[in-house]
Amino acid sequence: EGKKTKRNPAVESDTIIGVIDSGITPESQSFSDKGFGPPPKKWKGACSGGKNFTCNNKLIGARDYTKQSARDYDGHGTHTASTAAGNAVADVSFFGIGNGTVRGGVPASRVAVYKACKELCSSQDILSAFDEAIADGVDIISISLGRETASPYEKDATAIGAFHAMAKGILTVNAAGNYGPKAGVVCSVAPWILSVAASTTNRGIYTKVVLGDGKTLLGKSVNTFDMKGVKYPLVYGKSAGFSICEEESIKFPQATILKSETIFNQTAPRVASFSSRGPNVIAVDLLKPDITAPGVEILAAYSLKLSPSQSNSDTRRVKYSLISGTSMSCPHVAGVAAYVKTFNPKWSPSMIHSAIMTTAWPMNATGTNFASTEFAYGAGHINPIAALIPGLVYEFDKADHIAFLCGLNYTAKFLKLIAGEAVTCTTENKILPRNLNYPSMSAKLTISNSSFTVTFNRTVTNVGTPNSTYKSKVVLLHGFKLNVKVSPSVLTMKSVNEKQSFTVIVTGSGLDTKMPSSAHLIWSDGTHSVRSPIVVYTDGDY
C-alpha cells in the first residue's frame, strides 16, 4: 500500500462484495470481524450456511445451493473471497515461500458468499445465487467461474444473472477462463460483465535442480520440501512411453531438487499462458477480455478441508495457499471495482467498468499472432489508483444492451430469456454491435485483402473537472497500418456530467490474417488520460 493510496474506511465498511463460488472458510483470519461494527443498514441478507457455520460482522452473509453447506471443501471460494475483501494478515507464507502480509482489495468491506459449486456448478444454482445476491443488497459481484468456450448469452447462466445485476446497479466481474494460449476461447463475453484475464507479477517462484555433474537447472515450479541433504531413489515409470537404456552413459546418475525460492524484479506484467484469449466468438465486434490483473501464484486464504495439492494422499493442511488462474485475477478486479465505488458511490456499473478499462496500464503484443495481442489483455493491466479519477467515462445501460442484442438479431424469445421481460426490437432500439458505447472499439471484417472503412460512434461523460478541454491522440500499434480520424478531435467540457459525442473513422488497405491491426485512442486534458484500444481484424490463423 503506497503513500499515494487513498482509503475511505467508513464507506468501505458499508461496501458489500458478493462472491459466487464454492463457499468459504468462516474461521479464517482473513474474515475475522475484529474492529467491525454491525452490517450496513442496506443489508437484507441472511446467514444460511448450514450446520456448524457462523457468520460475523465481516462475513455478513452466506447461502448454499448445493444441499451441503456454505463451507468451502475445495479452497477455491475461500481463496477468491479473501483476494477481493480479506483482512490484512501479517507473516503469511506457503511453507516459507512468498512470506509477507496478505490482504484483499478492500479489506474494510463486508463479504457475502453464495455457494453455487461443489464438483460442478449448475446453471440453476448460479441463477439462484445471482437472484439472492441482488436481493440481499451487495454492491459488486465476483464470480470466478468459467468454461472451455463461450456460450450464447441466452444459454449462459452467468451472463443472464449478470444482466439482472446490471439492471439493478450492480457490476459483475468474471474470470475470462483458463484455456489459453489458444485464441478464440475466452468464455466471458457479455458487455455488461467486466471480463478479466490473468497476468504475472514481478515476483516469481522458481525451483532449482542440481544435477550430479554440478549443473543447475532453473524451472517454474513450487516445491515446498527441503530434502536437507538426504537422497532418495526416484522412479516414475508410469509416465514413460517406452524406455531406452544405455549402460554407464551417465557418470553421476543423481540430482537434487531444492526447495523453491522467490525471485523478484521479474519482467511483468505478462499475460499468463493459461489465460483464455479472444476474439469473442459470440459478438465478434466486442473486444474481450476487458482487462488483466495478477493471477499467477497468488497467495490467499484456503480451506482446511483438503490439501494444497488436492491429492488424497497429501495429509498437509494450510490456512493460505498459492494458486494460479483467471479465478485469482477476477477478485483482484472485483476488489478494485469496490474500491472505485467507495469513492464514487453513485456511479453506475458501466461508469466503474469504463474507469477501470480506460485507466489501465497499456501492454504490448509479445508475439506475431492473435493470442499475443489485445485479445489476450484487452485494455491492459489494471491500475487501481488511476481508476478513481478517470476524467471521462463511457456510459452504457440496460437500454443500450438491449439495442446491442437487437443488433445481434436476437429474437423476442431469446431476449426474454436474458432480460426477463418481453422486449421487441425495432429500428429505433437496434444498433450495430460495434456502436455500443463501450470503452474499447473492435470490428471484424470479412475481407482481408481489400480497402475498408469502419466507423465507431461514442459518447463520453465528464466526471473530472468543469471547463476542461480534451484533445485526442491516436497511437498506431501492430498489424497492418491503420488510418484513424477522430471527429471532433477536441472536446470542451464546461460542466461535470456533461456529455459529448465523437466519431472514429478507421480506414486501411488490407488486414493481416495472422494478427489484428490496432491503435490506441487517447483523450487527454493534461491531467487525465482516457485510453481506448481500437482493434480491426479478419478471419485468420487462430
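Numbering starts at 1 and runs along the chain as it is shown here.
Cβ atoms here come from the backbone N, Cα and C positions, even for glycine.
Keep in mind it's a predicted model, so treat the numbers as computed, not measured.
Over in TrEMBL, the protein carries these features:
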- 13-380: domain 'Peptidase S8/S53' (DOMAIN)
- Asp21: active site, charge relay system (ACT_SITE)
- His76: active site, charge relay system (ACT_SITE)
- Ser327: active site, charge relay system (ACT_SITE)
- 435-536: domain 'Subtilisin-like protease fibronectin type-III' (DOMAIN)
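Separating the Cα atoms of Asp21 (active site, charge relay system) and His76 (active site, charge relay system) is a whole-number distance of 7 Å. In this view, His76 (active site, charge relay system) is surrounded by 21 other Cβ atoms within 10 Å of its Cβ, with every protein chain counted.
Each residue contributes its Cα atom, and for His76 (active site, charge relay system) and Ser327 (active site, charge relay system) those atoms are 8 Å apart. Listed in sequence order, the residues of the same chain lying 6 or more apart from Ser327 (active site, charge relay system) and placing their CB within less than 8 Å of its CB are His76, His79, Thr80, Ser144, Leu145, Gly146, Ala175, Asn178, Gly295. For the domain 'Peptidase S8/S53' (13-380), the model's pLDDT averages out at 92.
Reduced to three states, the DSSP call for Asp21 (active site, charge relay system) is strand.
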